[in-house]
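See structure below.
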Amino acid sequence: MIISAASDYRAAAQRTLPPFLFHYIDGGAYAEYTLRRNVEDLSQVALRQRVLKNMSDLSLETPLFNETLSMPVALAPVGLCGMYARRGEVQAAAAADAKGIPFTLSTVSVCPIEEVAPTIKRPMWFQLYVLRDRGFMRNALERAKAAGCSTLVFTVDMPTPGARYRDAHSGMSGPNAAMRRYWQAVMHPKWAWDVGLNGRPHDLGNISAYLGKPTGLEDYIGWLANNFDPSISWKDLEWIREFWDGPMVIKGILDPEDARDAVRFGADGIVVSNHGGRQLDGVLSSARALPAIADAVKGDIAILADSGIRNGLDVVRMIALGADTVLLGRAYLYALATAGKAGVANLLDLIEKEMKVAMTLTGAKSISEISGDSLVQELGKSLPTALAPMSKGDAA
């Protein structure tokens, strides 16, 4: 199979993975309107082509939180990553480390903090949810700090799980889910051998370490559903700061007022994100939300963005809309499921090449030169910058 883009990895992952795993990462909330808009809105962002700009010394290096990234990309936290490839978190972290970008370990990873951190040179980031069990949260923060994690990604857009209809149909949840997953695994022998058998244990490593007992997929569904905390408030950031003195990024911001509050409560960064369209269907795409948020807090706090990013051109678009760096989620998981560490490494190489092409043809020699000036502004006045659909004349 020829791999030239993230879409090729998606097609390959769909063949490789049991349906319950493919649709768990591929799907979104409710009717998946926001999931689609994340990609569609970003694809409508039009860039200004510039020529004769002498682009011989182009650089993608990006400073962030006292680190220097080789390009403005980090791997996002993805739950159950180790179910998509054998010890998947370790493989993905190795690919990110080799590329010179951060890897973010999810609270609900298969591989625990202590297994992943020693395998890479670059300090990884750690993601944490607000949960009813504050003992678990404190334990996770202390373990992340002891393992040398540099940055905390605090996910705040899950006070309750989103309703994901695909999961009930695919076997991740719903009637007879365990039996359906078993038969799906039998019908996908490559995954069953490589991950199902040789990727064990399939514990939720960070939770097992705290509870002192093995935790499987059913525990993941039950324990998390009962532990998300709807009482979450900005005051929780003050509690977090008692146990974490490093950079803290608030993930799940879609409104400028919330972005201002993040600044006011001492966050070091925000992630403009709708959780990949997996939480509340019908909210703004990240691309639509980003310009107003950047107008409100640019320069006061680091702005990261995710949701809908599938290639290097999308990275440039997000930065032009106001992001400093992006998080890559689904795209890297497709690559991981297809070819493990090598797949993620190849995807990151593709993204780097695509970014260089986009920057060369827009006349931006560095990441700092990508801005609103890189956008075509006259596509329409009624929608946020550069997000109005083109007319028939424009499309020509």
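Any Cβ shown, glycine's included, is placed from N, Cα and C.
Given the structure is predicted, the values throughout are model-derived calculations rather than measurements.
Swiss-Prot names Tyr129, Arg164, Arg278 for binding substrate. Of Tyr9, Tyr24, the residue it gives for the same site is Tyr24.
If you draw a 10 Å sphere around the CB of Asp306 (FMN binding site), it holds 26 other CB atoms from the protein chains shown. In sequence order, Leu42, Ser43, Gly308, Val326 make up the list of same-chain residues 6 or more apart from Asp314 (FMN binding site) whose Cβ falls under 8 Å from its Cβ. Cα separation, Asp306 (FMN binding site) to His275 (active site, proton acceptor), rounded: 8 Å. Nearest to Gly322 (FMN binding site) in space, judged by Cα atoms and limited to the recorded positions Tyr24, Tyr129, Arg164, His275, Arg278, is His275. DSSP assigns His275 (active site, proton acceptor) to a helix. Tyr24 (substrate binding site) falls within a helix when secondary structure is assigned with DSSP.
Cβ neighbour count for His275 (active site, proton acceptor) (all protein chains, 10 Å cutoff from its Cβ): 23.
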